[in-house]
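Chemist: One structure coming up, written as structure tokens, with questions to follow.
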Amino acid sequence: MPRALWPAWVWAIIILSMEGASDKASSLSCDPTGVCDGRSRSLNSIPSGLTAGVKSLDLSNNEITYVGNRDLQRCVNLKTLRLGANEIHTVEEDSFFHLRNLEYLDLSYNRLSNLSSSWFRSLYVLKFLNLLGNLYKTLGETSLFSHLPDLRTLKVGNSNSFTEIHEKDFTGLTFLEELEISAQNLQIYVPKSLKSIQNISHLILHLKQPVLLVDILVDIVSSLDCLELRDTNLHTFHFSEASISEMSTSVKKLIFRNVQFTDESFVEVVKLFNYVSGIVEVEFDDCTHDGIGDFRALSLDRIRHLGNVETLTIRKLHIPQFFLFQDLSSIYPLTGKVKRVTIENSKVFLVPCLLSQHLKSLEYLDLSENLMSEETLKNSACKDAWPFLQTLVLRQNRLKSLEKTGELLLTLKNLNNLDISKNNFLSMPETCQWPGKMKQLNLSSTKIRSLTQCLPQTLEILDVSNNNLDSFSLILPQLKELYISRNKLKTLPDASFLPVLSVMGISKNIINTFSKEQLDSFQQLKTLEAGGNNFICSCDFLSFTQGQQALGRVLVDWPDDYRCDSPSHVRGQRLQDARLSLSECHRAAVVSAACCALFLFLLLTGVLCHRFHGLWYMKIMWAWLQAKRKPRKAPRRDICYDAFVSYSERDSYWVENLMVQELEHFNPPFKLCLHKRDFIPGKWIIDNIIDSIEKSHKTIFVLSENFVKSEWCKYELDFSHFRLFDENNDAVILILLEPIDKKAIPQRFCKLRKIMNTKTYLEWPLDETQQEGFWLNLRAAIRS
């Protein structure tokens, strides 16, 4: 390789290594508490750089194949490690040696073909271990869990290759809360293999065939609380009385999940109930009965009862030969001690009257998600049926008439709790009949639009959630709990109708607000759920909700579910956090203050205008604007006068008898414009002044004390003032008729005062010998 290429190769290797390190670093997202998430990142190894700060590490659903001794050695504070759903086939002996604080370890669904006890020898505080779904055939040659004294949950086995359970496998385990064994292909079970475990709260067995089931039961029946059998075909199951009859049993509950029965194997299971006397609860979930219910030929009549079974639960029972199934009359006598029955989502459309009458101890019956209607309910709730029944659940069946349903249940004298939710009642009649002891009624999701006096007055708990109600105005004097969420209510119900109400759920309606007075009116209210409404966050409402510290103890969903819908600028904010401006909360005060401020402003403006002649400035501005709309200077042909004379009426004698005589009778004569004779009648005075000044070659101001005091003289002087300084000409002639103090001229005529200070003006002489010279100078000024 040429020497010149070596630097390029070195840089490429460095860059690739940096990118690899960057990818590793970015493969995990860790929060400040040390919880790191690396799920589904396509990782093929455990990320490097893990430190003692990591307390929880989730690397499930990746492509990791190998766990080395050094991969986790710095994670000394790790408590949770999830490595499930990877491709791990090798775990080195000391991979978990430094994880002495580990409490949760998941190695499920990998490719481990061998298990080693050395993996767990330092995990003294481990509580949860999942080894399901790997490839091992056995649990190893030595005791795998002997170093795990605190282990409480253990999951082992797989669905294919796990075939053997030996006596040593569970040595060292004395108490387990949950043990799950997946052994669909189990071929060898050495007796007493599970007997070493002194107590198991819940055992889950995945067995495909029941061949070894009885052997396992013999070992655990005295140490087990709950047995759950999954994915098992019990077609060939046969129960041997001799194997269990003389042993003390502790099993209290049996669960069959996804299990297949025949008529024969069902009878064998019923026998088991009799001999395992501690069983009080039996559950069938998603099971299949491959039979027609013909138990008479199977000696079922020899069995007098179901042992001590009090609770029977059946969910999603499949009967392929449903239309050939018999009436089950042979099992009626076995049901006398049963107190609680749940048959859910199993296509039940009828409980025969005779069976109902045999259920003499029944207190709770749940027939949810079935096909019960009023016609079949009439037969089921016949006379003497379910004499001690207290709770009946008929949720999501085919009931349509509320009136008829209540009437059919009158035979149930002890019924106090009825759930008929998710039926299509649509409406509620005005009156109904109900059992006399009714205290709880669930009518949620029944599409009713209004409530009537049909409801029993004895109710203590009522649920009418998720309907189309827009009001609640019923008087229920004994009602303690009301659930009316997901309706269309605009306000809280009237407290006088519900005097003893202590719990109310009214969330997700269209309530805009509620007040302290409303809440206080419910004198016994302890719990209110009102979140999810469209609250208008007014100042009063926010002040109430934010100022009541005790409100959080009443509102169970406070504060997260209480959010503003309006005003728009606080929409989505929690009531606790929303803030409104001062103007929104104290509008009257703000308007009053604004009015006062406006009044003071106008008053101050008036004073300032009076003091600094503001009105005059406005008038002169208007006159100036009017003048600006006309040509700046009239064409020469429009000049009609030699001079416009502005004077005070009190100086008219001097103007008319002296000035006019001297100028208009001179040869050649001057043509003067005087307001008395030349203003156009009917025309605005201000327009006359403007036109006269513009049509005059000069403007003569006869100044005197009277002139300064004259309002119209001021207007004439005002416009001339603008003309003088806007057109920048010398069209103004000042005649001082009598001596006046320059200070008497208003300050606003600053330009005029400046002219008087800088230019010569004509002063009328009192000496007659000098008057001829005055007229001579005036005529010369006009001609200039």
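Keep in mind that glycine also has a Cβ here, set from the backbone N, Cα and C atoms.
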Chemist: Examine the ranges 239-256, 275-292, 383-400, 761-778 and name the one recorded by Swiss-Prot as motif 'ATG16L1-binding motif'.
Modeler: 761-778
Chemist: Ten-angstrom check, please: count other Cβ atoms within 10 Å of the Cβ of Asn442 (N-linked glycosylation site), all chains counted.
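Modeler: Counting Cβ neighbours of Asn442 (N-linked glycosylation site) within 10 Å gives 21.
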Chemist: When a 10 Å sphere is centred on the Cβ of Asn199 (N-linked glycosylation site), how many other Cβ atoms does it contain?
Modeler: 14
Chemist: Please give the sequence-distant neighbours of the repeat 'LRR 5' (151-175): residues at least 6 beyond its ends with Cβ less than 8 Å from one of its Cβ atoms.
Modeler: 108, 126-140, 142-145, 181-194, 196-200, 206
Chemist: Enumerate same-chain residues with a sequence separation of six or more from Asn114 (N-linked glycosylation site) and a Cβ-Cβ distance below 8 A; give 'none' if the list is empty.
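Modeler: Counting only residues 6 or more apart in sequence, the Cβ neighbours of Asn114 (N-linked glycosylation site) under 8 Å are Tyr136, Gly140.
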Chemist: How many whole Å apart are the CA atoms of Asn442 (N-linked glycosylation site) and Asn199 (N-linked glycosylation site)?
Modeler: 41
Chemist: Look up Asn199 (N-linked glycosylation site) in the DSSP assignment and report helix, strand or coil.
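Modeler: Going by the DSSP assignment, Asn199 (N-linked glycosylation site) falls within a strand, counted as strand.
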Chemist: With DSSP, how much of the repeat 'LRR 5' (151-175) is helix, how much strand and how much coil, in residues?
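Modeler: Residue counts for the repeat 'LRR 5' (151-175) by secondary structure: 0 helix, 9 strand, 16 coil.
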Chemist: Checking distant contacts: for the repeat 'LRR 3' (102-125), what same-chain residues at least six beyond its ends satisfy Cβ-Cβ under 8 A?
Modeler: 60, 65, 78-89, 91, 93-96, 131-137, 139-140, 142-150, 155
